[in-house]
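Annotated in Swiss-Prot:
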- 1-18: signal peptide (SIGNAL)
- 19-132: domain 'FZ' (DOMAIN)
- 19-201: topological domain 'Extracellular' (TOPO_DOM)
- Cys24-Cys85: disulfide bond (DISULFID)
- Cys32-Cys78: disulfide bond (DISULFID)
- Asn38: N-linked glycosylation site (CARBOHYD)
- Cys69-Cys106: disulfide bond (DISULFID)
- Cys95-Cys129: disulfide bond (DISULFID)
- Cys99-Cys123: disulfide bond (DISULFID)
- 255-284: topological domain 'Extracellular' (TOPO_DOM)
- 346-370: topological domain 'Extracellular' (TOPO_DOM)
- Asn352: N-linked glycosylation site (CARBOHYD)
- 438-473: topological domain 'Extracellular' (TOPO_DOM)
- 588-712: region 'Disordered' (REGION)
- 628-637: compositional bias 'Basic and acidic residues' (COMPBIAS)
- 652-664: compositional bias 'Basic and acidic residues' (COMPBIAS)
- 700-712: compositional bias 'Basic and acidic residues' (COMPBIAS)
Amino acid sequence: MEMFTFLLTCVFLPFVRGHSLFTCEPITVPRCMKMAYNMTFFPNLMRHYDQSTAAVKMEPFLPLANLECSPNIETFLCKAFVPACTDQINVVPPCRKFCEKVYSDCKKLIDTFGMRWPEELECDRLQYCDETVPVTFDPHTQFLGPQKNTEQVQRDIGFWCPRHLKTSGGQGYKFLGIDQCAPPCPNMYFKSDELEFAKSFIGIVSIFCLCATLFTFLTFLIDVKRFRYPERPIIYYSVCYSIVSLMYFIGFLLGDRTACNKADEKLELGDTVVLGSQNKACTVLFMFLYFFTMAGTVWWVILTITWFLAAGRKWSCEAIEQKAVWFHAVAWGIPGFLTVMLLAMNKVEGDNISGVCFVGLYDLDASRYFVLLPLCLCVFVGLSLLLAGIISLNHVRQVIQHDGRNQEKLKKFMIRIGVFSGLYLVPLVTLLGCYVYEQVNRITWEITWVSDHCRQYHIPCPYQAKTETRPELALFMIKYLMTLIVGISAVFWVGSKKTCTEWAGFFKRNRKRDPISESRRVLQESCEFFLKHNSKVKHKKKHYKPSSHKLKVISKSMGTSTGATANHGTSAVAITNHDYLGQETLTEIQTSPETSVREVRADGASTPRSREQDCGEPASPAASSSRLCEEQADRKGRAGNGTDKISISESTRSEGRVTPKSDVTETGPMQSSSLQVPGSSEPGSLKGSTSLLVHSASGGRKEHGTGSHSDT
């Protein structure tokens, strides 16, 4: 059988890539082109019939050559896979002693990588040969250079990416300095039960923080005017952290489906962490999380700026509000620029603990320049402005130390600012401490992880791992807790009795009524009252005299009348805020246009015109409505033509009685008694006077025509 195989080889070998059975060919394998010989012969010991096949089969052993586990390993591999060929001796295989020396030097790495040593290269099968032959081992020393100590080479091995963590090219993956390599998923530091506990903890905290920040934002929506500058940035700050909490809650619901790549059994690839922006879902989570995290921090800095402008520079709320456009440009522009820069640099990384995607989880440089540095700058600037504002407020408190009430208010405000700032700064400074601690110890943790899994993954073990340290789960839980709890500090600012009252009114539907709507309601009720009452009066006219329902006005002068001449037009009747009866009565009867204006203003109405509209379009379609409005228009016309309103003196007050609102029945012109009170021509001259409506004790005089009437 062996003879038959040899004959077939002799027949078909010349047709395989131009190989000849008894001729040498130039070496084309790049790895072996630097050997002392430049001609080879095939088939080799492993029955490879061309150099391309031999080069492919030699690749699994190249890590031994790269690590230089033996100074002669590369020469041995080339002699085994690409044997030397000379004119005198067709094939020069590696010698047995040479094989034993190389194998003993590289045995540890062979076991580490889990390599399968070819049976054809077992040293027992090789022959002893004369090492003085020129084509053997001596010339090779000219190409290897100075030999290195095996133990010294082993210390410089470094990290080799395990086979199941390798990724396809073009994705930009890089793990522990090795390209096309990704971190394992689930997390490389913790066990499965620890990860489940951490995920549940993050989910609960995210829900709590989401509810707190939403409560702050909804409180703002209930009463927008309550939160003006300088405290308006608190609302935007709470909105940012509500989005951050929502992203962590979504990551809790998704688990590892977004932050990790699924295993590929065909390619023998395991679960790996997502690196880069190729995964759309992970990229979206990263954009929202990083953008609003940075924006929330910037809004806190803007809050300290507005406080400083108000306390230190004595800016008013309106002056600060004029700079709102610049505040928004900075608060949204800087995080947006950083987010776009990270996307362009392909620095998105999946977090297999929380389920979200962020930056700097495995790349220390990205964490240092895009997370740690911006947070440190914000803390420094915000704390400096905050201290400057508090010093200014303390100076103001010392100036007004004799004003006990204002000093107490200012003291409470300073305490409120201090507590709020502490609730924000303490978690943020703790978070910065976690990031700094992680920066210092990350390399040691990674070396320890490689040392723990090198035999399992068949990769070189790090000999420099003298002290093995592993991260504590509590450190990561504190980091996530401080990231989320920062947003809860906004609840302290809105937490007050006023907030409780607003929420109670919101749920009970007892909000404050609009003054304009309230005045319209009063006018509508007045018109409805006149409609009902006027119909009764018309019905009773058959039985009563016209003068029996006449009303008279008593004007009690407070000594403010300065006019010297009598007013032959309509006299102005002033209404004070304390005379509610006079306000309601005069509003209903509208004696003159001037009094109508005053009365409508006192009741919160806009103009007499709106009142005429309410009367012109009553809710009831009865015929009495039109008659009422006609009579009111007629009365105003007569008043404008010169009808005088006559007041009864203080001495006759005992002869009358105060008329309630329901007793007003007559819509005709007012009749006077025998006394006249001189009025001023200026409307403001009667300010402070009090008006009362009484029935005449002695009956009214007969009405005159529509012409002018003057009293003597």
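Here the Cβ of each residue, glycine as well, is placed from N, Cα and C on the backbone.
With DSSP states grouped into helix (H, G, I), strand (E, B) and coil, the topological domain 'Extracellular' (438-473) comes out at 21 helix, 0 strand, 15 coil. Taking a C-beta cut-off of under 8 Å and a sequence gap of six or more, Cys99 (disulfide bond) has these contacts in its own chain: Phe76, Leu121, Cys123, Leu126. Counting only residues at least six positions away in the same chain, the Cβ atoms of Pro26, Ile27 sit under 8 Å from the Cβ of Asn38 (N-linked glycosylation site). Residues 163-167, 171-175, 182-186, 199, 343, 346, 348-352, 354-357, 362 of the same chain, all 6+ positions outside the topological domain 'Extracellular' (255-284), place their C-beta atoms under 8 angstroms from a C-beta of that stretch. Taken residue by residue with DSSP, Cys24 (disulfide bond) is part of neither helix nor strand, so it is coil. Taking Cβ pairs closer than 8 Å, the topological domain 'Extracellular' (438-473) reaches residues 67, 109, 112-114, 154-155, 157-165, 176, 188-190, 194, 197-198, 364, 367-368, 372, 479 in its own chain, all 6 or more past its ends. Between the C-alpha atoms of Cys24 (disulfide bond) and Cys32 (disulfide bond), the distance comes to 15 Å.
Around Cys78 (disulfide bond), the same-chain residues six or more apart in sequence whose CB sits under 8 Å from its CB are Val29, Arg31, Cys32, Met35, listed in sequence order.
Cα spacing between Cys106 (disulfide bond) and Cys95 (disulfide bond): 17 Å, rounded to the nearest whole number.
In this structure, Asn38 (N-linked glycosylation site) belongs to neither helix nor strand by DSSP; it is coil. Across the domain 'FZ' (19-132), DSSP classifies residues as 53 helix, 6 strand, 55 coil. With Cys85 (disulfide bond) as the anchor, the candidate recorded positions are Cys69, Cys129, Asn352, and the one with the nearest CA is Cys129.
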